[in-house]
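Enquirer: Take a look at this one; I'll ask things after.
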């Protein structure tokens, strides 16, 4: 059969290149996980969560690759398969007595994993916001509101996946109405969650400023890190929504979709690994860092100690005395780094 006059580059091209980029980002996630796991000091729950993120991200990549293979290799030159979700393996184990087979769809399963990865990453960020508010730097309403939007994004994401399983036709081409609605709500609330969380964390960190130069530099690094993380994922989420609704006959939105999952996994491990780097960079070697993840010192005790040091230092300066600066504890730094 002659396919010389058939050009599907505008349809499948974005998906192909999006998949290539997602595999690169997946490799970065594996590298970040390798850096994190040799010497983790976090609680077992955090380590298990990090491990599950690696597994989910790897399975997500495998499902995307299989989907691209299905559309581009066995059905090359035909647009008919784009009317439905890719068929996957037949699950006879789950339905041994059923007279018919029940197919699992790769893209449907990948969307579910994407929803879970996004939810885990956002909840971890919410936990960091909550940890900062516990020190009295902000209202606890903020993390509750961010968590609420994150839960809404998760619920609509699961609803979108359910529609894909139930109505696997008219998803990529001539999209089904319920799929289109739930997809938009899931990604919209996801983007809103990232925007609010980024603004809230920047505000909380700004309120933590002190007169100590090293602490001020640390805060600048933290704010810069939070902004970069928030802007990156929000930008991709926004582009995903725009292309999804502005170009319904094009699969460009799918390229952004497969990559936003990788970005959430990347930023999750980036937040974990950044703590150690910031400790090494901004903490003097003469001062030991208390590991809050092991529960050696409560956040309230740390803040109280910091306030006491500030008062004592001010009183000493006012009385014309000297203060041994090399013994001054860096409690504020510890709290901020641990809260990241």
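Here the Cβ of each residue, glycine as well, is placed from N, Cα and C on the backbone.
TrEMBL annotations: computationally assigned, not manually curated.
According to TrEMBL, the record shows the following:
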- 15-37: transmembrane segment (TRANSMEM)
- 44-69: transmembrane segment (TRANSMEM)
- 107-130: transmembrane segment (TRANSMEM)
- 142-167: transmembrane segment (TRANSMEM)
- 191-276: domain 'DUF6534' (DOMAIN)
- 226-246: transmembrane segment (TRANSMEM)
- 252-272: transmembrane segment (TRANSMEM)
Enquirer: Which sequence positions outside the transmembrane segment (226-246), separated from its termini by at least 6 residues, show Cβ-Cβ distances below 8 Å to it?
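Expert: For the transmembrane segment (226-246), the list is 183-184, 187-188, 190-191, 194-195, 197-199, 201-202, 205, 252-253, 256-257, 259-260, 263-264, 267, 270-271.
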Enquirer: Mind tallying the domain 'DUF6534' (191-276) by DSSP state, helix then strand then coil?
Expert: 75 helix, 0 strand, 11 coil
Enquirer: Same-chain Cβ contacts of the transmembrane segment (107-130) under 8 Å, 6 or more residues past its ends?
Expert: 49, 52-53, 56-57, 59-60, 63-64, 67, 85-86, 88, 140, 142-143, 146-147, 150-151, 153-154, 157-158, 160-161, 164-165, 168, 171, 186, 190, 193-194, 197, 200-201, 204, 257-258, 260-261, 264-265, 267-268, 271, 339-340
